[in-house]
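Remarks on the structure that follows.
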Amino acid sequence: MRIEDVRTVPGLSGFFFDDQQAIKDGATQTGFAYDGQPVTDGFDRIREAGEALIVEIELADGSIATGDCAAVQYSGAGGRDPLFRAEKYRPVVEGAVADALRGQDATQFGANATMLEEMSPQRSGGDQLHTAVRYGVSQALLNAAAQARGVTPTDVLADTYDTEPATSPVPVFGQSGDERRINAEKMLIKGVPVLPHGLFNSVEKVGENGEGLRDYLAWLSDRATALGPEPYSPRFHVDVYGILGKVFGPPYDRTEVTDYFETLREAAAPYPLQVEGPMDAGGRQAQITEMAELREGLADAGVDVDIVADEWCNTFEDVQAFVDAEAADLVQIKTPDLGGIQRSAEAVLYCDGTDTRAYVGGTCNETVTSARACAHVALATDAAQVLAKPGMGFDEGFMVVTNEMRRALARRDATQEVPADD
């Protein structure tokens, strides 16, 4: 089945683009917007409406495969590609990318995705095409291969990487945003496997001595017991955005720090706990050093809390560096930051055989189409967990990702059933 054409149309993403540096520099939030001037290149305001570029690949039989070019909320920060503007990159996809893909065999996802990954970067100003372009077009290529072959995208990825896909839904990870109590209770009622994120992104929220986070975990444990279905064994996952580093500071293997993590474990009990982004060391190598120091300190003290890499773990090479250094129990695979969707699968698989698990993450600023593609990455690689996305409302993203996995598993089960002899 040949690719006939590639078309695009500008669309919307599930959240907003935020100028992270301006916010860190003290921009004042007024209602939902921020006062002040942006400081990151490409921004006209500190908070702007999210954009996506909808990609359609037309196959020889007239069928259409779709993907969405999307970028993270904090675009342009931390060495990421520039702020993604759909209209700016539309000619890139409909021009050089489309020219390269027309006539290609749609069933050959691996070859097509590799060609896209290696395309000339002249319009993006970096070493490759903009990550959002590679992300969206590769989703369409994945769907095109699945349609041409009459299988699920999970099967395409499993065949490409010779994996045994998960046979049940990968645990979905819900994020609460600032509505950390109301949304957590929603998650508990629905039996979400991993929750609640919590958005602990300031000392005010965490507490000057960390008491705010500890009290929240104790509340969450009580509510999980009261509201969760039977049986229910969730895993607690909170993101502290480096704030514990501000509260305690290095070295992170000292008794004061490990004792505090033990109080977090006790507050969360009987549910297991993982803490994302405990500190922000300002650079990848420094972050790896401090994360490893904390992880070793917790192990030596017998504190059973998992540490999750987030800050300075954006690209495939970053994931490799954290895993090789044994600096985390779990790494987030930030799908839009890796470019082609196949790179996310490769990043998860890099963790196989190591002491580090991987979760298929991403951003609230994605789309339904990209979230569904990531659900197949999680299934094909049997990831530790997968983010509920897009948006910050929780319910919608949880529905999208959960239903996509259930559909894929049901279809795979049906096609693998052997009919009985007459």
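Keep in mind that glycine also has a Cβ here, set from the backbone N, Cα and C atoms.
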Need a hand: Swiss-Prot gives Asp239, Glu276 for Mg(2+), which of Asp310, Asp318, Asp324 is also on that list?
Asp310
Excluding near sequence neighbours, so keeping only residues 6 or more apart in the same chain, what lies with its CB under 8 A of Cys364 ((2S,3S)-3-methyl-L-aspartate binding site)?
Gly14, Phe15, Gln73, Gln175, Lys389, Pro390, Gly391, Met392, Gly397
Tell me, in order along the sequence, which binding-site residues from Asp239, Glu276, Gln332, Thr363 have their CA within 10 Å of His197 (site 'Transition state stabilizer').
Asp239, Glu276
Measuring Cα to Cα, tell me the gap between Glu276 (Mg(2+) binding site) and Thr363 ((2S,3S)-3-methyl-L-aspartate binding site) in whole angstrom.
15
What subset of the recorded positions Asp239, Asp310, Lys334 lies within 10 angstroms of Thr363 ((2S,3S)-3-methyl-L-aspartate binding site) at the C-alpha level?
Lys334
Could you say whether, by DSSP, Gln332 ((2S,3S)-3-methyl-L-aspartate binding site) belongs to a helix, a strand or a coil region?
strand
